[in-house]
Amino acid sequence: MKKEYYFIFNEGSRINQVICAVLINMPVFVYGTAIGWMSPMTLLLQSKDSPRGEPLTDSEVSWMASAAYLVCIPADVLMAFIGDRIGRKNAIFILSATGIASWAIKLSSMSTWAFILARSLVGVLMGGAYVICPLYTKEISEDAVRGMLGCMVILFHTTGNLFLYIIGDYFNYNTILWICISLPLIHLVLFMMMPESPSYLLKKGYIEAFNLSETENRSRENRSPDGKVLPSIDNSKVTSMLAYFEHPQELGGEGKATKALAWLRCRREDDIMVLNEIEELKREQSRDDGSSKFVMKAILTDKILFRAFRIALIITLAREVCGAIPVLNFAAEIFALASENTGLVLSPNQQAMMLGAVQVIGSVMTFGLVEKLGRKVLLIITSLISGLSMCALASWFLVRAYGVYAPSWLPIVSLCICIFCDAFGLQPISVVLNAELFSFKYRGTIMGVTMAVASTVDFLQMLFFKKVMNSIGPYVAFYFFGAVCLLTAVYTIISIPETKGRNLNEIYEDLKTKKEKRLEAVT
């Protein structure tokens, strides 16, 4: 009798997937609090009431702010490698441990080096949050809810930001740090109960089978009657592949994956839906074994994989150059300009809370609509609206430069629309798409590479945006961001396939040209 995994819930319930996805994305929430910490705490640490006695200088704050983004560039690739090598679950443990270390350093010292080191660890947390968490979430989710659960990354990031903005207004410096360090500590304990990714368990079983087959091959060398070793053909790769994909249960690979999948789907281990899903995962990994063992070589030489990679890279770049990051950094000045004639005066932390609330509302709406509207429609709508809001903001700066009257509410509305669209579509959909466009073999590498590119762009924007804006004018910069968003909408319409509820074969069929489809039909 096979074990049941639905207990008090209905058979086929998705509650276990939701619980697992929530715990997978807790490091993203911790990362959100770490990023949000800079806003209220920098003001405190640079004030005359600084808890360290001596206020931080602007240079020290700049290093603190940029350290995370700089470290994140190699951390993206490193975390992708770790996730593929030791598993998604162990990688999540590393993320929580990194979060604990970051907050512990701030608790133990107020030296400048300690702040910079703690922020550098946030870069590792950032890399894992946007590489491991989306991959893991995708691999534990069934097709019907993978988009919704995949959007948890942005939801937890934005709620983490807002959470820190709020407690930053109510608690003292040390209390905030103790609250923040408790989150990854609790998560570290709770996550021990969660299963490893079924895809990783299958892959690990195959590697074990491969190693065993090689050992057996070497022990069965052909020898002549006089004891000399005769040359023989090494069929270890072929035999190991067949041995595992025909009888993986002998090594426990499929058994562990089936058990994990049955728990996630709230079904019995011998349920036909669980077995069919395992078979599909095995077919996917079997196809991958025929390609080059050098992942990037396979991606760059295979036409379909390269087209998928191009989409992932373009959408990631569009997400980072849509104007949201500069707008957030320029928000205080926009609020100051808008308050000149309206009397709307908000403290920096109140501004941060307002924008954080807008982001949370956007990410919550995505969570509810991504499976109804689909990835493509949501990306088109948000890119288009964001582009128009950036152009409106640019026009406001332009008419002001010529001394023409422009309503003071316009920049705040444009700013909020841009931030909302970023959280509602551009960020979550790009993350979901990048996970859905590739099989297990390529998923980690693609996420690592695209996020490394994104981190580099973010670092450069934080370093040079204000200098460039002052030299060319804010309206030129925001017109550029608006153009990027509008071109993203056009590119999405033309080149990006819908991935909602579809498997890789169906998605890749859309990436083929008409000529390739005709040739396949003939052959």
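A Cβ is built for glycine as well, from the same backbone N, Cα and C atoms used for every other residue.
Record features, source TrEMBL:
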type: DOMAIN; residues: 20-500; note: domain 'Major facilitator superfamily (MFS) profile'
type: TRANSMEM; residues: 21-43; note: transmembrane segment
type: TRANSMEM; residues: 63-83; note: transmembrane segment
type: TRANSMEM; residues: 90-107; note: transmembrane segment
type: TRANSMEM; residues: 113-136; note: transmembrane segment
type: TRANSMEM; residues: 148-167; note: transmembrane segment
type: TRANSMEM; residues: 173-194; note: transmembrane segment
type: TRANSMEM; residues: 311-332; note: transmembrane segment
type: TRANSMEM; residues: 352-370; note: transmembrane segment
type: TRANSMEM; residues: 377-397; note: transmembrane segment
type: TRANSMEM; residues: 409-433; note: transmembrane segment
type: TRANSMEM; residues: 445-464; note: transmembrane segment
type: TRANSMEM; residues: 476-494; note: transmembrane segment
Going through 63-83, 148-167, 311-332 one by one, which has the most CB pairs that fall under 8 Å from the transmembrane segment (90-107)?
63-83
Would you mind listing the long-range same-chain contacts of the transmembrane segment (173-194), meaning Cβ under 8 Å and 6+ residues beyond its ends?
20, 23-24, 26-27, 29-30, 33-34, 37, 41, 44, 51, 89, 92-93, 96-97, 99-100, 103-104, 106-107, 164, 167
Name the range, of those listed as 113-136, 148-167, 311-332, 445-464, 476-494, that has the largest tally of Cβ pairs under 8 Å with the transmembrane segment (63-83).
113-136
Short question: which residues 6 or more past the ends of the transmembrane segment (311-332) have a Cβ under 8 Å from it?
348, 351, 355, 379, 383, 386, 390, 393, 415, 418-419, 421-422, 426-427, 429-430, 433-434, 437-438, 446, 449-451, 453-454, 457-458, 461-462, 465-466, 469, 474, 477-478, 481-482, 484-485, 487-488, 491, 495-496
Average pLDDT across the domain 'Major facilitator superfamily (MFS) profile' (20-500)?
83
